[in-house]
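The N-myristoyl glycine annotation in Swiss-Prot covers GLY2, and the record cites sequence analysis as its basis. If you look up Swiss-Prot, you'll see 63-216 marked as domain 'N-acetyltransferase', on the strength of sequence analysis. Per Swiss-Prot, the feature substrate binding site maps to TYR85, ASP127, VAL128, GLU129, TYR138, THR174, SER197, TYR211; the stated evidence is experimental evidence. Residues or ranges marked as site 'Essential for catalytic activity' in Swiss-Prot: GLU139. Per Swiss-Prot, acetyl-CoA binding site is recorded for VAL140, GLN141, LEU142, ARG148, LYS149, GLY150, LEU151, GLY152, LYS153, ASN179, and the stated evidence type is experimental evidence.
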Amino acid sequence: MGRKSSKAKEKKQKRLEERAAMDAVCAKVDAANRLGDPLEAFPVFKKYDRNGLNVSIECKRVSGLEPATVDWAFDLTKTNMQTMYEQSEWGWKDREKREEMTDDRAWYLIAWENSSVPVAFSHFRFDVECGDEVLYCYEVQLESKVRRKGLGKFLIQILQLMANSTQMKKVMLTVFKHNHGAYQFFREALQFEIDDSSPSMSGCCGEDCSYEILSRRTKFGDSHHSHAGGHCGGCCH
């Protein structure tokens with residue numbers, strides 16, 4: 001009986017430790033989501049005036065955006081990405097994409113030209129993935145006239161800064177394999193790695209999947225196993 005009791009205590013202790021670790025993860029995500037403006041700590045990154053561009057950048061929850069700005073972001077995403085989606089197993093569905101982009105957890109970086117014309121944006125969230133606190137980048141979309149001028153890279157650098165300042169472990173994103181320009185951009189220019197949770201790494205569908213999950217660790221990230229033992233998903237909402 002003594003041996004069984006000892007094993008039971010060890011299991012209970014392990015469960016308590018795992019729960020405490022997950023509570024700590026969720027506390028960091030909740031703290032990040034309570035911020036008024038995650039970009040406030042980096043005023044120098046509120047402007048981008050290189051390569052012929054002069055734009056201002058703001059960070060807001062989706063609830064703080066004007067409906068016209070949300071409509072612009074959706075329309076730009078559809079223009080840039082609908083064909084890519086239709087070439088994947090996901091397909092393109094207006095309603096599902098709009099619901100994703102207007103979810104209460106959505107944050108936005110918006111780049112404005114002349115303080116009035118939106119020209120680029122990133123939709124991101126502070127969330128939990130596979131037991132880790134992460135900043136997940138859902139979209140980075142640019143109008144054609146501002147591409148290839150460093151603005152997209154600048155927006156991703158802002159995400160990395162905010163992920164570090166909020167103690168997230170990594171920045172994550174999903175990219176289609178057939179979107180060769182974006183894949184090369186993230187892997188080579190921004191040094192993102194294929195995440196352990198990506199289908200090609202996890203053994204789930206692998207070559208049959210049209211996408212990869214990429215990530216780049218922050219100074220708070222490490223190579224240890226996640227708290228969730230491989231289960232992917234959010235917990236803080």
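Numbering starts at 1 and runs along the chain as displayed.
Placed from the backbone N, Cα and C atoms, the Cβ positions cover glycine too.
It is THR174, among the binding-site residues THR174, SER197, whose Cβ has the fewest other Cβ atoms within 10 Å in the structure shown.
The CA atom of LEU142 (acetyl-CoA binding site) is located 17 Å away from the CA atom of THR174 (substrate binding site). VAL140 (acetyl-CoA binding site) falls within a strand when secondary structure is assigned with DSSP. Counted within 10 Å of its Cβ, the other Cβ atoms near LYS153 (acetyl-CoA binding site) come to 14, all protein chains included. In sequence order, GLY91, TRP92 make up the list of same-chain residues 6 or more apart from TYR85 (substrate binding site) whose Cβ falls under 8 Å from its Cβ.
Between the alpha carbons (Cα) of VAL128 (substrate binding site) and LYS153 (acetyl-CoA binding site) lies a span of roughly 24 Å.
Close to VAL140 (acetyl-CoA binding site) in the fold, though at least 6 residues off in sequence, lie ALA120, PHE121, SER122, GLY152, LEU155, ILE156, LEU173, each with a CB less than 8 Å from its CB. Neighbour counts were taken as the number of other C-beta atoms within 10 angstroms of each residue's C-beta; across the binding-site residues VAL128, LEU142, LEU151, the minimum falls on LEU142.
Note on the domain 'N-acetyltransferase' (63-216): mean pLDDT across this stretch is 96.
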